[in-house]
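Features reported for this protein in TrEMBL:
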{"type": "COILED", "residues": "390-420", "note": "coiled coil"}
{"type": "DOMAIN", "residues": "12-80", "note": "domain 'J'"}
Amino acid sequence: MESTPEPEDGRELYALLHLSPDASGEEIRRAYRQYAQIYHPDKYQDPQMKDVATENFQRIRDAYEILSDENKRQIYDIYGMEGLNSGLELGPKLNKPEEIKEQLERLKRRKEEEKFLAHARPTGSIIANFSVPQYLDGYGIMRGMGMSSEVQLPVSKKNTVVVGGNLVVNGTDGTGAASAVLRHQLSSVASVEFMATAGLRSLISVQTFRQISPHSTATSGLALSLRDGSINLSNAWTRQLSDNIVGNIQLALGTDSSISVGWQKKDEKNSAAGDVKLGTNYFGASAHYTRYFSTKSHGRVAGRVGSTALDFEIGGGRRISEFSTVRMIYNIGIQGVSWRFELHRAGQKLVIPVLLSTDFNALFATSVFAIPSTLYFLLETYFVKPYYLKREKQKELEKMESLSSQLTEARRAAKKAQKLLEPVSNRKKNRQLEDDGLVITKALYGNRKKVKESSESNELNDDVASQVLDVTIPLNFLVSEAGQLKLHEGIKKSGIMGFYDPCPGDPKLLLVEYTFHGQKYKVMVDDYAALLIPQDIHQI
């Protein structure tokens with residue numbers, strides 16, 4: 001028994017009307033009439049049965065309207081319901097499959113482009129500098145403030161405009177700048193970027209990017225200062241050294257010539273980076289390491305040393321919602337001892353550095369680090385972590401309850417659909433019994449393992465019953481007047497009227513036991529495999 005690959009949409013509409021994907025227009029009309037006679041609401045007086053019939057009749061009519069319309073059927077066959085729901089429509093009549101597919105691809109690209117163009121991506125940050133020593137000296141506690149904002153505006157699939165600006169205030173002094181960038185994608189491996197900046201550093205520049213090999217990229221730039229006419233050249237090379245390590249070299253030539261070498265390493269639990277930079281009148285080195293304790297929390301250690309910097313920081317962060325993360329960093333260096341608080345949310349960032357002391361005192365520096373850290377770990381251990389664990393368990397429980405509720409409702413709907421099929425199914429069964437023809441005596445559909453376990457038993461226990469559905473009635477209904485049952489290849493069986501999927505995501509099996517000319521037969525087929533009975537090979 002070979003397994004058939006599972007298509008994405010499962011061809012549910014064909015399964016609903018019990019049709020082959022190659023069915024003709026006449027076969028579609030005949031199948032619709034057959035089901036419409038059973039499920040038409042006017043046939044039922046009982047309000048409950050009428051509601052069931054109305055619901056299933058609507059499903060049948062919707063399937064018929066799509067499959068009987070040539071253009072809609074072509075879209076459905078290639079893209080499934082997603083293609084129809086996205087508004088794809090064919091214009092002039094096309095005859096060749098290649099023409100149809102080309103037109104559909106073009107329309108889909110247009111829809112994607114419209115969606116792409118409607119989406120702008122803003123980012124921004126606010127930095128508020130506080131100083132405790134300044135406040136104790138009788139001045140204001142705020143030392144300075146900075147703001148920056150940037151918006152990416154896709155003009156087309158190959159062109160993006162980026163508009164940004166920043167404003168910085170320190171005491172009574174302030175400055176700002178505005179910039180505009182045009183980014184053009186030359187090809188899948190190359191792009192070019194034009195930028196103009198006005199403000200403190202007025203300049204125009206051009207930068208090119210190219211992927212020179214599967215593991216290497218190169219960037220080159222040229223910038224012209226509008227204030228003094230100086231020209232700066234920059235080059236950068238990046239190389240993938242292994243699966244999770246990247247190395248880079250950057251070279252700048254101009255008023256601030258420098259060269260730097262760096263590396264980055266990142267895997268599921270760890271992230272680390274470091275670089276060394278040498279300039280004409282300065283040098284520096286920096287490194288940082290981040291450890292991801294879980295999907296929600298991480299710790300970070302970083303340090304810098306050089307001619308203008310000497311500091312060390314340690315801290316961590318926690319994701320407090322799907323889009324928000326908070327971080328707390330302790331920093332000690334030549335400028336003093338400080339804390340830094342950060343809030344990151346959906347491309348926006350709020351940073352609050354708080355300078356605690358400009359003098360280095362071992363006891364003070366240790367206390368400032370140890371006391372908040374201890375409080376944090378106590379809160380994390382006894383309050384935050386238990387709270388998040390409880391919330392995660394609650395979410396998982398709600399998810400399971402929701403899935404259970406959906407499966408219960410789907411099972412109920414399948415049973416109701418079977419109830420409407422039962423009179424016709426029994427008539428067909430009795431006719432086959434009279435002719436000593438094909439009679440389905442037992443049919444089970446569901447979890448592969450559970451179906452196999454149930455094949456030797458006449459009763460389903462509670463554990464098996466929740467993952468297996470008795471489909472004897474709908475299969476007897478599908479037996480033709482000639483005494484044959486045919487299920488088409490590539491069509492998911494859960495879409496057949498009177499079926500449902502009792503175990504989403506699990507491999508499924510259909511077990512069929514039947515009699516024909518007084519002999520007993522048995523067969524099992526995969527969810528997407530074809531089935532044709534009776535066959536001698538199935539005889540027990």
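Yeah, the Cβs are placed from backbone N, Cα and C, and that goes for glycine too.
TrEMBL annotations: computationally assigned, not manually curated.
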Residues of the same chain, at least six outside the coiled coil (390-420), with any C-beta under 8 angstroms of its C-beta? 38-39, 49, 52-53, 55-56, 466, 469, 471, 473-474, 497-502, 504
Mind checking how the domain 'J' (12-80) divides into helix, strand and coil residues in DSSP? 55 helix, 0 strand, 14 coil
Confidence summary for the domain 'J' (12-80), mean pLDDT rounded: 85
